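The structure appears below as structure tokens.
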């Protein structure tokens, strides 16, 4: 027995295994775990509280209830350890064994395991090739099944009712065939299966099948059959003969007072199983009638089902209080299940929580810890110190002292706490800056003090927030806390590399106030000798004089002065320089570190919040961390002091309502009335009127706001030239301390348009502002949107958290594994330009990335930066100055590292500003960076009327000087002399003087081009414009128009606008009427050249989609360039712009959008093949090769006409592109670019900056899988989805001359990707636990514990950060062990070769669970490396 405890405990140490395998337990395996059979349903005796013998809590099976004491009390105490009492049969040992010993129930009839039956796809069903419905009929005793048809005409696996069975037996004789019912029959069929034979049959069928749908089904079955063969699981183990019973301490029964018991639901479920099982045994012994026995067997099957997974089949079994009982599956599932509640999240000792208050006098690395809390948290350390100092003799005395809080204790607490960091955490911890380390400073009171600058990282405010404190105990933990987690080491945000320790609110206001200039009197000028005029200003020699002048009030903080400011030169020597500045700015300048790279100029300006952030950024880049921290602390103190000294406040008169407001509102009202009139006259539609009204009012609101801002900003001077005080509200808003122009607009401008909860905008705006007060109606209108905002916020938090969870799950195992993967692939980066303005410059996008090619200055041909360099700020500046347009960089997307990313592809660690370290968990950082701002995103989908959204995108302006170049763009000049583009996918490029492309735009069909090809343009020139609301059909030659298949009433109707009475001819959809076969009507316009008759085929045809408005009449003569018809772009007009969180989730989940665009898969000419009832088929015919067909619903507007030439990747039907199509047609880089741009778009609208590389890391994780197109000579099957690594492994195993497998990359959404990771532990702890575990156990999966999550679950250091080094050491150590072991084996074999008989004897135990050497190693460490894990046999062979 001692061996056994030694052995089990040995296994319990987490270091002793390398992988975890999951499989299906055989009945023998279950019996071998068990310490005895449970025969009775009793639990404990209600009077004595002792467990009943042979019951569910039996002490004989599971172990003693009290430590070292048998049940009857004959043997007590340690000395009898290991004795088995002869009276009660209980072994004397620790009671802890009741947590680990299992029992079992021998079933009187086999039952099917519900997981393998009902978890879709049903494994039993796939193996037997039966439908689940039929299987259930057999298992639940409704039908018989023919297991052996013999010579009868019955089919194998045919279902028979009882009557049919009797008939068949009468007809063919009882012994001619065999049929069974229930789990016994299924078990017999499973035992009968010959898996190898089945596999051969399936492979043959796969090779010969002709149908399209068959292969998928065959592959499914084949995979199950193969996984059974490979894993060594036997199919019949899916049918249970023995049910294991988990240890009693894991399903406790606790007596409550009053003689009642609180019990775990599992006990009820087990009791049910035992009762039914015993009843069944008795019935079988009594030879009861078949029907009774069968019913009892069915009930047994149902009770075992409920035990394993209650509610999976049939009714949920409920307890006494009508609550469903929690089955074994429920114990694992969900947030409260074993995985997420106990393995991934645990409660922590040595922790406390309290309210936080601000601590402005703290240094950045400190926090105030209440004495009471510290005393409790550091207790063990205090005891140790008291003992070491010899102050207290015993632990008891030490405890007393601490409880009495004697003064010695406080002194010792001070010693203990010194230099011992504590961790502070504010929930919700959305990113890694939500837990930071500080050095505690003991304070009176009961609240924790927090340094104001770290609030933004914790997202904390002091309105009652609470924070938790944790104490790192071990030396290593303290070291990590100090070196990695100290608040001073987290100055930059990991999401975007910008400082996150930035003053906010009061501090910003104080600094802004300090850095302002205010004119005291009209400036006087002195004329120099050379005639230049210099302003006459007070001059100061140094800071001391300035201080004195301020004290004597001879200057104010804002007076313009000339002063000498000490600067450091390149060698660090001080030198004095003159600056025109103000005393206030000099105070800020005093805080700057003395460094020649940080000149006084950077604070010699008006400092807003953004500017202060830039200053801190520059200080950090040039002078390092220590100086930055000192600087940050200094300006914090300065900011607070001067905000308080300035005494800035505002009253109602500071909100100035502009006088021009009335006039603007009157004008707008006139305009709106005008639009109303136009609508009445039928010149515009209802939708257009709505758009225009909304447009007019939003313009009016902006104008009022602008007038108000001008009024507030304006500087007024009195007669002496003294400037009036600056408006306080403006100061607060402009400095970035509090408030925004939008809020000021509501206070003193006009509130503007409001939205309904549906997201639509109400046409009547709120004209008043808060200063004037709202009318009742206006107030009511505004409550609408406000209430929705509050409801949204609640939903948002949950949604955002779930998105973060999915992101973390998909990317958790993405870690930096090596320095450089040496790949040649790269991504092309260029600036993002939208609507003529640069949104993200090239420099911003490539900062901190590794270059792939040399970057060359186009003008001078010199190399600016060499390939392979990590770009830092100065290099990026040089690149931007040389106006480089495109750079190729390394990216996590193209990295070829195994099981992670390499440092070169990732580039700079944003939170440190240095190259990333090996072991950095970049996946988790990426997930947090994207998920953390999630709560700031909106939840709503915007329904924006066309005008408001699309008026910006109806023209193009040039962003640079250069010449225009049209690519693939045929044009035509109409009779007005305008140049029209006839290209579906033409590009308009602007080329500068050096021949570099400055911008490339795709312009829609029918665009009016402003310039001839090759014309010179200046920055800001208009290049093109188009109508965003309709898609024209333009004639390319002159001729006569003929209507074809345009029949009044069927395909053409005159639509009159109700309000206006103006008629338009609109093509309608033709629905087949009557019985007769519908004529195939293809409404189209044909253009005949003059003098052509209709049957000649040269005519141009234009097919019309339903909803097209005709602009010409039948037989009209038209010129080239005329518009024949307009297809309304209704789709684009009020397309809901899915905004915010839902959009981000949609992109990451790789969902196919609702109206998805159709993309051309190849280049070629368009041909309309034929029409069907609701669809039309069009084909793209390439110059060589096969045509590709598309089926397109007739209601969709097709962007191309017959005969057009399209390029691969062009859109045939506009809409949101489908990411899967982009991947198939245009490849990985295009997809990454698309996802990055789209996701960044959402965040950019909210003003959130996230570095592209985080999105790239997630997209990389979504592209891990490939779909096999050709299995080659490997075991992989075409159509199967496997990890890219798996495909590479399979190919690597092939010999020479064999054909490797090939595959295409597949895009998986984040949820799907998480569920398909190679680690089943990680997948099971994410979602759909039962499904994942069922699948894994069938395949006999091994979890190699590579990712972070699996290691947290089994309780190890994670293989990232400081754990990465340990991990590498473990791997090398185990490799050496394996080598030594192999050597030792060889020696043993040599010795054994002498003695054949000994060898035979040695073989037997080796077939046990572990091979003998691994066993020996596990017992007592082994020859080489102490307790490094014994290598699994396969690994040592590799």
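Keep in mind that glycine also has a Cβ here, set from the backbone N, Cα and C atoms.
Some features that Swiss-Prot has for this protein:
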- 70, 72, 85, 88: Zn(2+) 1 binding site (BINDING)
- 461, 463, 465: Mg(2+) binding site (BINDING)
- 821, 895, 902, 905: Zn(2+) 2 binding site (BINDING)
- 1413-1438: region 'Disordered' (REGION)
- 1413-1427: compositional bias 'Low complexity' (COMPBIAS)
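The two recorded residues, residue 821 (Zn(2+) 2 binding site) and residue 461 (Mg(2+) binding site), show a Cα separation of 44 Å. Cα-Cα distance from residue 905 (Zn(2+) 2 binding site) to residue 88 (Zn(2+) 1 binding site): 68 Å (rounded to the nearest whole number).
In this structure, the binding-site residues 70, 72, 85, 902 were compared by how many other Cβ atoms lie within 10 Å of their Cβ, and the smallest count belongs to 72. Comparing Cβ neighbour counts within 10 Å across the binding-site residues 88, 895, 905, the minimum falls on 88. Within 8 Å of the centroid of the Cβ atoms of 461, 463, 465, where the record puts Mg(2+), the same chain has further Cβ atoms from 356, 460, 462, 464. Remark: of the binding-site residues 461, 463, 465, the most isolated position is 463 (fewest other Cβ atoms within 10 Å of its Cβ). Looking at residue 88 (Zn(2+) 1 binding site) and residue 902 (Zn(2+) 2 binding site), their Cα atoms lie 64 Å from each other. Put simply, of the binding-site residues 70, 72, 85, the one whose Cα is nearest the Cα of residue 461 (Mg(2+) binding site) is 70.
DSSP gives residue 902 (Zn(2+) 2 binding site) a strand state. When the Cα atoms are compared, residue 72 (Zn(2+) 1 binding site) and residue 465 (Mg(2+) binding site) turn out to be 56 Å apart. Comparing C-alpha positions, residue 70 (Zn(2+) 1 binding site) sits nearest to 465 among the binding-site residues 463, 465, 895, 902.
For residue 463 (Mg(2+) binding site), the nearest of the binding-site residues 85, 895, 902 in terms of C-alpha separation is 902. Between residue 895 (Zn(2+) 2 binding site) and residue 465 (Mg(2+) binding site), the C-alpha separation comes to 43 Å. It is 59 Å from the Cα atom of residue 85 (Zn(2+) 1 binding site) to that of residue 465 (Mg(2+) binding site). Note: the CA-CA distance between residue 902 (Zn(2+) 2 binding site) and residue 465 (Mg(2+) binding site) rounds to 40 Å. DSSP assigns residue 85 (Zn(2+) 1 binding site) to coil in the three-state reduction, outside any helix or strand.
Those same-chain residues not listed among 70, 72, 85, 88 yet with C-beta within 8 angstroms of the centroid of the Zn(2+) 1 site C-beta atoms are 59, 71, 73, 74, 75, 86, 87, 89, 90. Within 8 A of the CB centroid of the Zn(2+) 2 site residues 821, 895, 902, 905, the other residues of that chain are 818, 820, 823, 890, 892, 894, 896, 897, 901, 903, 904, 906. Secondary structure at residue 72 (Zn(2+) 1 binding site), taken from DSSP and collapsed to helix, strand or coil, is coil. In this view, residue 821 (Zn(2+) 2 binding site) is surrounded by 19 other Cβ atoms within 10 Å of its Cβ, with every protein chain counted.
A coil conformation is recorded for residue 461 (Mg(2+) binding site) in the three-state DSSP classification, outside any helix or strand.
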